[in-house]
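Remarks on the structure that follows.
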Amino acid sequence: MMKCPQALLAIFWLLLSWVSSEDKVVQSPLSLVVHEGDTVTLNCSYEVTNFRSLLWYKQEKKAPTFLFMLTSSGIEKKSGRLSSILDKKELFSILNITATQTGDSAIYLCAVE
């Protein structure tokens with residue numbers, strides 16, 4: 001199968017959080033354009049009073065699709081080409097997408113509850 005180097009993927013972020021006004025969730029980068037086949041790392045940092053879990057979602061045209069729920073530090077969750085890990089000490093999580101495909105083009109959401 002031949003890869004098209006001109007194929008681009010757009011990865012967008014939105015903030016989705018169920019936290020109080022003094023709590024904060026920050027995602028980076030806010031938007032990203034990558035080539036098909038690249039590896040992408042999306043970051044989510046947070047400052048919350050009462051942490052229960054961190055959730056990742058992918059939103060295409062309709063309602064967001066659940067990807068991962070992370071509650072414990074250092075335990076990597078995987079699903080196909082996607083993986084995520086949580087660091088509760090440093091208050092952040094990453095979402096990795098390997099071998100990106102055009103179907104990965106979407107809005108990715110990080111939420112803390």
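Quick reminder: no glycine exception, Cβ is built from N, Cα and C everywhere.
Annotated in Swiss-Prot:
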- 1-21: signal peptide (SIGNAL)
- 23-113: domain 'Ig-like' (DOMAIN)
- Asn43: N-linked glycosylation site (CARBOHYD)
- Cys44-Cys110: disulfide bond (DISULFID)
- Asn96: N-linked glycosylation site (CARBOHYD)
Length of the line joining the Cα atoms of Asn96 (N-linked glycosylation site) and Asn43 (N-linked glycosylation site), in Å:
9
Would you report the average pLDDT that the model assigns to the domain 'Ig-like' (23-113)?
95
How many of the residues that make up the domain 'Ig-like' (23-113) does DSSP mark as helix, as strand and as coil?
3 helix, 52 strand, 36 coil
Please list, in sequence order, the residues in the chain of Asn43 (N-linked glycosylation site) that are at least six apart in sequence and whose C-beta is under 8 Å away from its C-beta.
Gln27, Ser28, Pro29, Phe92, Ser93, Ile94
I'd like the Cβ neighbour count for Asn96 (N-linked glycosylation site), meaning other Cβ atoms within 10 Å of its Cβ, all protein chains included.
15
